[in-house]
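Marked as domain 'Amidase' by TrEMBL: A:24-477. As annotated by TrEMBL, active site, charge relay system applies to A:Lys83, A:Ser158. Taken from TrEMBL, the feature active site, acyl-ester intermediate covers A:Ser182.
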Amino acid sequence: MTLTRKTAAELASSIKSGEVSAVEVTRAHLDRIAEVDGPAESGVHAFLHVDTDSALAAAAVVDQKRADGDELGPLAGVPLALKDVITTADMPTTAGSKLLEGWRPPYDATITRRLREAGIVILGKTNLDEFAMGSSTENSAFGPSRNPWDLTRIPGGSGGGSAASLAAFEAPLAIGTDTGGSIRQPAAVTGTVGVKPTYGGVSRYGLIACASSLDQAGPCARTVLDAALLHSVIAGHDPNDSTSIDQPVPDIVAAARKGADGDLSGLRVGVVKELGGEGYQAGVEARFNDAVALLSKLGAEVVEVSCPHFAYALPAYYLILPSEVSSNLARFDAMRYGLRLGDDGTRSAEEVMSLTRGAGFGAEAKRRIMLGTYALSSGYYDAYYGQAQKVRTLVARDFDAAFAKADVLVSPTTPTTAFPIGEKVDDPLAMYKNDLCTIPSNLAGNASASFPCGLADEDGLPVGLHVMAPVLADDRLYRVGAAVEQAYAAQWGGTLLEQAPALDGRRGESATADRGVVS
Amino acid sequence: MTVTTALPTFDEAIAAFEPVMGMEVHVELGTATKMFCGCSTTFGAEPNSQVCPVCLGLPGSLPVVNRVAVESAIRIGLALNCSIAEWCRFARKNYFYPDMPKNFQVSQYDEPIAFDGWMDVTVDAETYRIGIERAHMEEDTGKSLHVGGATGRIHGASHSLLDYNRSGIPLIEIVTKPIEVPPAVAPAVARAYVTELRELIRALGVSEARMELGQLRCDANVSLRKAGDPYGTRTETKNVNSLRSVERAVTFEIRRQAAVLSDGGRIVQETRHWHEDTGETTSGRTKEEAEDYRYFPEPDLVPVAPSREWVDELRGTLPEPPAARRARLQAEWGFTDLEMRDVVNAGAVSLVSATVEAGAPAGGAKKWWLGEIARVANERGVALEDAGIAPADVARVEELIAAGALNDKLARQVVEGVLAGEGGPDVVVSARGLQLVNDDAALGTAVDEAIAAQPDVADKIRGGNLGAVGALIGAVMKATRGQADAKRARELILERLQP
């Protein structure tokens, strides 16, 4: 098997045993990126920046450590794709925005530092919707990424670049950030694994904020164990982030290994009745129902739960998020860093700010800044932001009530499979509905994940199983995820991604028509 | 510019209207590090040398609350007899300004850490209780330096420079309830309030509260009304940065507003600038629309919930209240009310106290701080504590006087020398050769010369006219450049000219 097809756990073990060097592993992935990522107009376009030299140098350090007989971490030498909203002192960090094009932060995010300390090799920075706002990467100032299952379709968003890099075998690991589903929805539509940890479980220091109270970084991978290994590298308290949780991280790797036994007996699974029905693609519902049946077959007790306030989660989210966005994005004012337009000696600072922001922000960013500015305005605050915070409390209470009846909750991750690029760009509401199932967990701060659960009959595209666990019970996600993963592997004779079309030579054309449909 | 010729006098103004005041004082805390990051707060460093991703508001950076700043805020609140919140949050105050790196200021809005307190101030032996609305924590902004204009203001400047060293320095904003006192004393009460607050802040040790360094900044709100009417429209005069200016600015605003109202005009709610040189306020930002700061709870910070145990522990660290301390010191020093008031008004209570603690008599300490040192400080436009002499130096000078090593005239020269930066008292004495000449050999020669030079005067003395002795002492002093021990010189002259 080629190196790029291996899991992170396999690669780490091969590097540790000396079967292959970290440099060889890194080079294989860099070659794969060179092969399928470009050109930006028609390739996968998962990466905004690839740093060959620094990746090879980081890999060489791991090889040297091994040669010196030093202890290597469980993911040492494994390449990773980092979402370009997390700061790196040695690479540009753009957040997918023209405003930060070419900006080199003077500091590493806590996540970046922890990755480096673990010997993980950062290949480059992945594409995203501008400031992580979107569900398709079409809001990136640098052009969309494409879904490796079908290059005419979106890879999800905002972390479409990270998910696409995994599905295109450009990297075995990636970091995403999830404000309303930006890890889970791309995972679902690319047939990969994405976990949004409990809010505060992974440091936000160095994560360019979209909405501070909702943002959470997390692991993306092709297997549940790989995600767990990566999760344990980046998790844990950070004194630089006041909202980071100062408590021990649950043993997620052990949970992933235990889950792989395929025994879910004693586990109560709640199906959220409000997350399904009208607006959900038939193939998505079919695969979801299969997954529920599978959980039952694996020994879980399946119950139906009701979360009546989830219906208001989307509108509440679209008041809270833009409010925070309008404030968080105020700093992009051309004064200290990033884009500066019109500074010709004739204009005031205010005029330069205004010109720069007007030209620098994309349409979606502007839309959310305006919505948020309005929602926080005096006279409207109580009716909008204040009410939305109350809904947020009610959503959290729905979760509390549901978790009294079930250990985990399940739903489809997204109402539909990957849609064609361009289909929803002019219909923001349709775009927002992608996150119907994922948003409640951001509002409540609990842990959630998406795992591959098959292909929709009508289009042969991946469907995600959404699993939600209580705050700080991230380990339950891995137990459930690993159990279904091994059951599906037995059923499909491998991972879902093995059913994806080969990328080479089919760029830019729909691969759906001639692909065998597997359910 | 405001036309001042038409202004009524202060007495005319308050004959027609009652002033209502509200004071907003910002205190820069003397913490070693900033409000939300570990950067140093040292004043006067190279521009932009004390900055990091957090206080520059770089993308991705996050704030972490400085525990010492919270502690200082609670102690200030307790000293102002406030309730301390059991749970409160920071809020973002959103507005665009180049010296504000995030374009929002992290402050507190409807959940201040301390609220509902009071402080007593005394003016002309009358005590007035000033209600404290709230004391809250916030971060300072950077500083803009407008270059190329005549005034240093942004208007007319060719470009601006930004220094973010101040960005993120912890501030406590203390807001009074409306101050309603007899109109005649209103400006004096405003001044007394800021004076008393400054004393309190210093006694707490949370800030040096030096107004000339911007460590204590005062905004004065003033409105007028007819007796019995509801509150009138107020103006806010910003950055009134000396005690004297507080009194003058309030007085001016009362007169200005009285003129407008008497003419049938109305007061515009606005920010006004205080001009120290002309003694006037002028209209500042005239906002066509009201500022909307879109406050909302700061999502990057967790709530501050000081435990009651901690608050009680901090209550135990409060210093003696300034008024009680003054009463105690006045009794210890044996000062009259008038003498004590002079010391207080000069802002010299702590300096005199420290000088006394260093061994000087209270009267001597007061004489130096309110005399020679005040004169020099005033000439140089610096605060007393910056004049260049320490309480211990003053005590040493007093010690040398008591030991007979210096007379008053020489002592003044020693103090001058210390103030001029020539070194401590002993260094100045030996460098300038200011020892009192009282050894009989040296003095005897000068006495003999004086007698020889003025035989007629000598004769008068021999004849019993002791009043003439002064002329010879003068000559001896002149010959010794003032360093003779006058008492001993007199004795030697009389010995030689016995009848």
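Yeah, the Cβs are placed from backbone N, Cα and C, and that goes for glycine too.
Overlay of TrEMBL feature records on the structure.
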residue	record	DSSP class
A:Lys83	active site, charge relay system	strand
A:Ser158	active site, charge relay system	coil
A:Ser182	active site, acyl-ester intermediate	coil
Ask   = Which of the listed active-site residues (A:Ser158, A:Ser182) has the least company, meaning the fewest other Cβ atoms within 10 Å of its Cβ?
value = A:Ser158
Query = Tell me, how many other CB atoms lie within 10 A of the CB of A:Lys83 (active site, charge relay system), whichever protein chain they belong to?
reply = 32
Ask   = Expressed to the nearest Å, what is the distance separating A:Ser182 (active site, acyl-ester intermediate) and A:Ser158 (active site, charge relay system) at their Cα atoms?
value = 5
Query = Rounded to a whole number, how many Å is the Cα of A:Ser158 (active site, charge relay system) away from the Cα of A:Lys83 (active site, charge relay system)?
reply = 9
